[in-house]
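Undergrad: Below is one structure. I have some questions about it.
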Amino acid sequence: MHKFMTRRRFHVIWTTVLITILALFFLFPLVWMIVSSMKPESQIYANISNFKAFLPSGHISDWGKAYVSIFHRFPVMRYILNSVFYATSVTIGSIVVNALAGYGFAKFNFTGRKLLFGLLIALLVIPGTTLLIQQFQIAKTIGILNTPLAVILPGISSPFYIYMFRNAFAAIPDSITEAAELDGASNLRIFWNILLPMTLPTVATVGTLSFIGSWNDYVWPLMVLTNSDQFPLQVAITNINSTNPVYMNQVMAILTISTVPLVLVYIFFQKYLTQGMGSAGNGDK
Amino acid sequence: MQTKGIKRQIGWLYVLPAILILLTFLIIPFLMSFSYSFTNYNILTPWAKQYVGFTNYINTFKDPVFLQSLKNIAQFVIFIMPIQVGAALGLALIVNKKRPGNTFFKISFFAPQVVSLTVVSILWMYILNPDQGLLNGILGIFHIKPQPFLTSPKQAMFAIIGVSAWQGAGYQMLIFLAGLQNIPDSLYEAAELDGANSWQRFLHITLPMLKPTSMMILTTTFISAFNLVIQPMIMTQGGPQNATMTPIYYIYRTGFTDRQLGYASAMSVIYGIIIIIFTIIQRKITNAGGDENA
Amino acid sequence: MEKWKLGVATVAAIAALGLAGCSNNQGSSNSKNVTMWVHVSNTDPEGKALQKNVNDFNKENKHGYKAKVQFIPRSGSGGGYEDKVNAALNSGSLPDVLTLDGPNTAAYAHSKIIQPIDKYITNKKDILPTIIKQGTYKGKLYAAGYSESSIGIYYNKKMFKEAGIKDSEIATLKHPWTWTQFKDICKRLKNHFHEPAINMNLNDHSEMALYSLAPFVWSAGGSITNPAGTKAVGYFNSKQTTSAFQLIQDMVKDGYTTISPKDKGFETGKYAMMMTGTWEVQTLQNQYKNLQWGVMPYPVSPATHKQVSPTGSWQYAMSSTAKNKKAAGALINFLMSKKCMYRSDMANTVLPARKSVSKMMMPKVNEQMRFFIKQNQTTGHARPVLVNYPQVTRTFADTVQNVTLYKKNPNVQKVMNEQAKVIQKYLQK
């Protein structure tokens with residue numbers, strides 16, 4: 001019995017050590033990013049092959065210098081606000097538009113519904129990214145290039161999210177809507193006051209996925225925006241990374257800054273990411 | 001389905017905004033790619049746009065860069081699938097066990113996911129710098145000689161695969177974890193009573209019970225792998241020697257930088273069809289989204 | 001019953017998005033306004049000088065013209081300045097005035113993107129002939145270069161002395177050095193410091209590749225295409241052109257240079273030499289005051305002894321869609337004036353494009369800048385004028401990359417034969 005316990009403990013210890021090493025492998029680039037933003041550029045290079053690479057500068061007064069410089073050189077606040085604006089608009093738009101469509105498909109037997117829904121499912125296989133250039137031509141034709149609308153509009157409707165919403169609404173028994181209708185509530189009121197609250201997990205999932213998707217979008221905003229004042233963070237940071245003179249500590253500072261908002265989103269909405277994806281992928285409910 | 005058979009045309013109004021946007025930014029562009037692909041549309045000389053038949057299509061098959069890009073994406077897909085999904089499953093199994101510091105491990109594995117692809121690409125560019133990069137600095141401690149990474153045609157794509165897996169595994173770990181936690185403990189208890197060891201339990205309970213989750217993860221990884229563009233765009237510009245040129249990036253470059261819209265469209269048609277075929281095959285195999293015709 | 005509410009909600013949602021979109025985008029078409037795009041960042045010295053010049057224009061011009069500059073930095077990660085110009089071209093939203101690199105003049109003028117500016121530019125005789133030539137297409141001036149540029153071999157005097165290189169071995173415009181002597185000096189430096197001797201910026205796969213390395217080709221008597229710009233096979237893979245690329249490969253293979261140079265390696269005394277442009281003068285003067293350095297000309301091919309240096313620069317041009325041609329022309333002319341050119345060229349330490357500015361700068365600049373001005377006037381060689389120049393220059397950069405991967409591509413001639421065919425493809429169109 002005693003022997004068993006030590007073996008067991010030994011097992012726990014060495015697996016924990018191994019897993020810690022593994023965890024460090026996942027963490028070291030991020031730690032390096034953050035600490036490198038907190039020291040002078042020359043120190044980053046000097047520390048590259050010893051453990052000091054993972055420590056910020058010895059002088060606390062150095063820690064904020066790169067941040068001060070990057071805010072001084074570039075309108076960082078503006079880029080952050082741009083990104084927040086784009087991502088929030090896409091999130092709200094995506095929830096409204098896709099939920100309405102999902103409601104329409106789930107609860108109304110209008111002419112052509114089956115055909116339209118079949119088409120929608122077929123659209124799931126069309127790879128949007130191969131069409132960037134044609135989408136650009138469209139944005140040009142309808143005259144929204146160099147406006148926030150060009151960044152936002154294509155992101156607010158997605159066959160996949162409509163599909164998720166349709167499943168969520170279809171899972172709600174018709175008896176509930178019928179009872180409400182008997183009370184004289186309008187369709188929209190039923191949707192807004194009764195059904196949408198019942199699909200809150202789907203709303204949260206679609207909202208979170210839309211926000212993250214828009215926040216991380218790079219190639220499309222890069223294509224449709226010219227004025228650097230309109231750039232979202234992702235485009236701005238590649239610009240900063242190639243605007244001479246490039247100082248590595250400042251680059252690391254802007255990388256760190258641009259990560260903070262997403263950390264918050266993940267902290268608050270992480271559970272909806274897995275829930276939503278899991279149920280949608282299994283196709284049940 | 002519970003929907004009643006009564007026709008209610010107001011449904012149209014609800015689906016209309018979504019359909020309009022999809023029409024504008026997905027369906028029409030899709031059709032446009034076909035019509036452009038038969039012309040020599042050049043941004044510099046739009047007035048000289050002419051119908052050229054299948055010339056663009058014939059040229060794609062003679063274009064070494066396009067062919068190379070197809071080869072590259074195949075390499076990426078083939079390697080990223082087992083590496084990323086395998087890693088995700090492994091990590092999920094690790095954090096599913098109760099042990100001290102579990103929350104820390106979970107957060108660590110998930111952390112790269114929080115960073116956007118743009119940030120990941122720029123960050124790793126500095127880490128993988130052959131002469132002053134962090135990774136060669138670390139390798140130096142173990143007396144491993146400096147590696148060229150992104151500057152070598154042989155290593156560049158593997159570097160991108162590694163970086164992508166590092167970033168993506170954490171998210172899929174969470175999904176696997178949700179799947180693992182849905183497996184009833186009673187199954188394991190029964191198996192333990194039958195004398196099954198942990199490997200047998202994994203093989204006969206965990207894996208089969210995770211099948212739907214795995215299928216879903218494999219599908220999404222597979223399809224999104226075809227869209228690889230940000231990492232090579234930022235880290236290598238498709239080089240060295242086009243070793244990391246991907247179809248999407250090449251289409252972007254041909255249409256945007258080289259101004260050849262017609263030729264770029266022909267490539268987007270071909271690549272689009274390739275993706276569609278693979279997606280349909282995938283769907284047939286995994287049968288994901290089973291009740292879609294209901 | 002209350003269907004209208006849904007309609008209102010939908011419309012409101014879309015309108016809200018639309019309003020948000022429009023609020024930032026007031027494309028006023030007041031004809032007194034001039035829009036301008038430049039390829040530099042508003043955070044670097046050149047951009048700052050330009051902004052000052054434009055502010056002066058807005059203050060000083062008597063017609064009430066107002067110019068607004070948009071800074072669109074070139075970027076290595078795709079989507080740089082040229083892509084933006086292409087996108088604007090595609091959507092018909094070019095600005096009134098834009099900057100363009102010398103080699104693009106022909107293509108832009110040929111496809112009527114830019115229009116002649118002869119009549120707006122005053123005091124043309126003062127402008128350097130190379131600048132006029134670069135901006136001229138079919139006898140008309142389409143673009144006005146505001147600076148000249150050049151490249152030299154910067155060297156660290158202390159390191160040279162340490163490695164036992166004598167003063168008599170230092171090359172000058174009067175006493176140039178050959179590739180053989182160049183390699184010999186590299187070898188001695190490398191053996192002494194155990195580091196590559198020179199940073200040739202081989203990690204830069206942009207226009208820099210052709211701009212900085214083509215002089216080796218020209219010195220060897222080679223070329224990229226035939227003079228008419230219709231044939232590359234037989235020219236890009238000629239013995240002479242190949243010899244220049246062989247030199248580049250040998251430099252890497254022998255460890256004299258590297259394809260992944262350390263950042264600021266020359267400035268911090270790791271590399272004894274660096275091949276780069278005039279802009280480096282300013283960096284060295286301001287930030288590395290302790291470094292003792294000089295500049296040497298390009299080494300020449302031992303077969304021809306021909307001295308060559310790169311030339312050319314960015315220029316101002318007027319788009320063919322300019323709303324108010326007089327205002328746009330006035331802006332270009334103002335920016336080309338002595339005062340403005342002096343300010344921007346001094347700020348960026350580039351070579352002046354006017355003789356009078358040259359005279360103003362000479363007493364103010366150091367010995368190295370005087371060397372550059374002289375080199376530019378005596379050995380400058382223009383880049384080829386080709387409609388598909390962007391693709392050609394990229395192929396050139398690819399070729400450089402290919403030969404520097406010497407393990408994979410040991411046979412330079414084979415690479416050249418393949419790449420000549422690639423360039424040929426772009427010429428036939």
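The count begins at 1 with the first shown residue.
A Cβ is built for glycine as well, from the same backbone N, Cα and C atoms used for every other residue.
So TrEMBL has the following annotated:
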- B:70-282: domain 'ABC transmembrane type-1' (DOMAIN)
- B:12-32: transmembrane segment (TRANSMEM)
- B:73-95: transmembrane segment (TRANSMEM)
- B:107-127: transmembrane segment (TRANSMEM)
- B:156-180: transmembrane segment (TRANSMEM)
- B:215-235: transmembrane segment (TRANSMEM)
- B:261-281: transmembrane segment (TRANSMEM)
Undergrad: The transmembrane segment (B:215-235): which same-chain residues, six or more beyond its ends, come within Cβ distance under 8 Å?
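TA: For the transmembrane segment (B:215-235), the sequence-distant neighbours (Cβ-Cβ under 8 Å, at least 6 residues beyond its ends) are 73, 76-77, 80-81, 84-85, 88, 117-118, 120-122, 124-125, 128, 150, 159-160, 163-164, 168, 172, 175-176, 244-249, 252, 275, 278-279, 282-283, 286, 288.
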Undergrad: Which range out of B:12-32, B:73-95, B:156-180, B:261-281 gives the transmembrane segment (B:107-127) the most CB pairs under 8 Å?
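TA: Most Cβ pairs under 8 Å with the transmembrane segment (B:107-127) come from B:156-180.
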Undergrad: Where else in the chain does the transmembrane segment (B:12-32) make close Cβ contacts, counting only residues six or more beyond its ends and a cut-off under 8 Å?
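TA: Same-chain residues near the transmembrane segment (B:12-32) but 6 or more away: 265, 272.
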Undergrad: Where else in the chain does the transmembrane segment (B:156-180) make close Cβ contacts, counting only residues six or more beyond its ends and a cut-off under 8 Å?
TA: 72, 75-76, 79-80, 83-85, 87-89, 91-93, 95-96, 109-113, 115, 117, 120-121, 124, 128, 149-150, 206, 209-210, 212-214, 216-217, 221, 228, 231-232, 235-236, 239-240, 243-244
